[in-house]
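To start, the structure under review is shown below, and the notes come after it.
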Amino acid sequence: MAEAAAAAGGTGLGAGASYGSAADRDRDPDPDRAGRRLRVLSGHLLGRPREALSTNECKARRAASAATAAPTATPAAQESGTIPKKRQEVMKWNGWGYNDSKFIFNKKGQIELTGKRYPLSGMGLPTFKEWIQNTLGVNVEHKTTSKASLNPSDTPPSVVNEDFLHDLKETNISYSQEADDRVFRAHGHCLHEIFLLREGMFERIPDIVLWPTCHDDVVKIVNLACKYNLCIIPIGGGTSVSYGLMCPADETRTIISLDTSQMNRILWVDENNLTAHVEAGITGQELERQLKESGYCTGHEPDSLEFSTVGGWVSTRASGMKKNIYGNIEDLVVHIKMVTPRGIIEKSCQGPRMSTGPDIHHFIMGSEGTLGVITEATIKIRPVPEYQKYGSVAFPNFEQGVACLREIAKQRCAPASIRLMDNKQFQFGHALKPQVSSIFTSFLDGLKKFYITKFKGFDPNQLSVATLLFEGDREKVLQHEKQVYDIAAKFGGLAAGEDNGQRGYLLTYVIAYIRDLALEYYVLGESFETSAPWDRVVDLCRNVKERITRECKEKGVQFAPFSTCRVTQTYDAGACIYFYFAFNYRGISDPLTVFEQTEAAAREEILANGGSLSHHHGVGKLRKQWLKESISDVGFGMLKSVKEYVDPNNIFGNRNLL
């Protein structure tokens, strides 16, 4: 069987790979399709396996899903990288990430990341405490108080249409009306949402959570929602930072949280065409893990890789840090299947490019759950690179670093990833450096610092650092590396070591945990991003950081805010810029309002300086007030027209974008 599958150009991964069935053919809405295919049989000798799941397979998956709802299944789900139904047994209910991972003060008084999941776990950070005290005015003796656990009596009651519930039970699709399940899916990870979880509660949350296990289940759910005029809000990994998952407070209909996490399989891999067909609920880390077993990868690595899903990537037009080699999500997607109130949207073939009018994929990508549910996607894959190497470059200042990145982009020789940190972000990263166990290593670090600051004359309070990641064929990587370092030298850049580069990337997946620690000590913090033409990058970065400082001072913030940025993606015509800002809110009566007003002012400054509304976080409800201005009245009207046709009764009523 395996040899036959390989000969056909498709290799199913795991026991769940499907090749279709008679039931699939009987359900085919186009009975002439088989005849047409027979007439062009010669063109399909190397065709891909059928993607559809049979009715029996859907039933089997529902049964298996029900079995894994028990707490005993949680450790297996945790290890595999899939998201269990009871997310709260693995993940924090009021913060980022896994329950076993958080920053604490250890017995030595040093900040340490608990657990064993990350390279930084279990290591003391000897200078981080001093950094947060000096930078943010934190007094570690004064902690905030927050709810220790979720009290079901504090949550809005579940209001569900009884006729709908009766019909739902007939489908055998798993569901829950429990308070903790509903609250867990009522939010993403904006500061506002996490603050509310710690200090209060949402005004509106989903009334019921549904767990489809395949495309056909989603069709049934959408049909029932249309029948009873209910509201559906899809959720994948729950990593939204745009209020995309928050329920509209004035929604009076039953709100369904359609959780795609149990739709988490790779349906097939086509090794001839280097594509994989996957269900939308598979997480990035699980997708990469399974593909790697067969020697492949997608190369798509957003910072939320651990928890975000393929469906979420498509619906928000996501970007990954290695897009210079593999592309953004719009470059990776070959085929999308989406269930809408009008029916199923998908193309009739999986050709690499078509000239068939406006690309319907671009109606789906970035739709943010407003038109339907993405159930499956075909994405490009590549062989796992044979060689990977990190690097870093120190520049005298941020401006020269930007000029270097611009030249690298112009020559189209950017490594898989290149990130340029401003001075404050460099110092922040340096404060997260773990304790050095070797005197020799400590001596070398001191020697490098002396060389850069004293011998080369770099000002420690001005220098900027770029981290680099190269991957591919070893010989080509080494040639590529030399080319990049030669360009950097022309802009005053000095090689700063492979270890510094590697550490910068290893911090990627733990940065989000720091906000939870900050909240315990009266600090509010957030990240946001934009993209801008090259000639606007330096001014935009400076003006946004100055605006944040000015806004905080005018609003009575007693300690100067932490405001920093990095250039995190490069393009021919511009770059993506990522900002962090945080402030100590002790003495402020309404810190959340101050924070939101400051963040909005920063966004206004971005737009005034020629930046985009968003590069990859999306619009959601957080940024939709600026969407019409960003895409024009006519463009906004086009989006509304699509919404009104595809979803005339606003079944997908999360109210993102419009």
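Cβ from N, Cα, C; glycine included.
In Swiss-Prot, the feature region 'Important for enzyme activity' is placed on 654-658, out of the ranges 384-388, 474-478, 654-658.
Record note: among 1-41, 165-205, 247-287, 411-451, 1-41 is the stretch given as region 'Disordered' by Swiss-Prot.
Candidates Lys86, Lys143, Lys347 were compared with Swiss-Prot; the annotation N6-acetyllysine appears at Lys347. Among the residue ranges 63-86, 87-110, 111-134, 303-326, the one that Swiss-Prot annotates as region 'Disordered' is 63-86.
Arg419 (site 'Important for enzyme activity') and Ser304 (FAD binding site) are 17 Å apart (CA-CA, integer value).
For the pair Ser308 (FAD binding site) and Arg515 (substrate binding site), the C-alpha distance works out to 19 angstrom. Annotated pair Ala318 (FAD binding site) and Lys347 (N6-acetyllysine), C-alpha to C-alpha distance, rounded: 21 Å. Rounded to a whole number, the C-alpha distance linking Pro234 (FAD binding site) with Arg515 (substrate binding site) is 26 angstrom. Of all the recorded positions listed here (Lys102, Lys347, Arg419), it is Lys347 whose C-beta has the fewest other C-beta atoms within 10 angstroms. Residues within less than 8 Å, Cβ to Cβ, of Gly238 (FAD binding site) and separated from it by at least 6 positions along the same chain comprise Arg87, Phe184, Arg185, His187, Gly188, His189, Leu245, Phe307.
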